[in-house]
Amino acid sequence: MEHDFWHSKWHKNEIGFHEPEGNALLVKYADTLLASTSPRVFVPLCGKTKDIHWLLANGCEVVGAELSEIAITQLFAELDIEPEITTLGSLKLFKNGPLSIFVGDIFELTNETLGGITGIYDRAALVALPTELREKYAAHICDITECAPILLISFDYDQSVIPGPPFCVDETEVARLYNASYSITLLEREPLEGGLKGKVAADSLVFNLKHK
Ligand SMILES: C[S@@+](CC[C@H](N)C(=O)[O-])C[C@H]1O[C@@H](n2cnc3c(N)ncnc32)[C@H](O)[C@@H]1O
């Protein structure tokens, strides 16, 4: 999607994707992210997700990437912490203790700037991107994290019923994007209660991806 699309969503507070209570599937499968003795978890396209609160409360260092400064200003306010803000080329870094968020286009983020990552939490990130961007995103994620393990949550539904985002990213699509670099395990497939946007039956899929 165009950057303007997401900036407009945040300006108008049209953030139906935001889960006020966080995501139960993260809590259920977090052991895949918390396995390291010093977990440093990357949350791409993070918005102001409550999952960041949970990861911090569970001992992780968290590094996010998000286009919208509105989202990140709200994230720090809701955490009740003040960010120290620095500019790094086209990105801004919002930092306080174990939380660092790069604000700007994720494709501007490099391996050197990001630093070492022990796990990636992708909820509503890959599925937010249209087909033509997903391949670039998947390659970039692997590149900047040296193919750190990924806990991926996606949706499977009939794309002809409603347009994305979120887009349908089923097992075939995950394999197309990640098979070259990762072993892919489907941990769970569960019907999404109420369907997607109340308009189409959908399943939530949870994958664990490990570098081959
Ligand atoms: C569907 S939302 C999901 C947010 C979050 N993962 C969650 O679960 O609430 C997708 C987010 O990706 C951000 N985004 C879209 N394109 C981006 C890009 N190129 N670089 C960084 N963030 C981007 C949007 O601003 C939006 O907040």
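Numbers here mean position along the shown chain, with the first residue as 1.
Every residue, even glycine, has its Cβ placed from backbone N, Cα and C.
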Write down the one residue from Glu61, Glu66, Glu146 that TrEMBL lists together with Trp10, Leu45, Arg123 as binding S-adenosyl-L-methionine.
Glu66
Output, ordered by sequence, the same-chain residues six or more apart from Glu66 (S-adenosyl-L-methionine binding site) with a CB under 8 Å from its CB, or 'none'.
Leu45, Cys46, Gly47, Ile72, Ile101, Phe102, Val103
Those residues of the chain, 6+ apart, with a Cβ under 8 Å from that of Arg123 (S-adenosyl-L-methionine binding site):
Asn23, Leu25, Leu26, Thr49, Asp51, Ile153
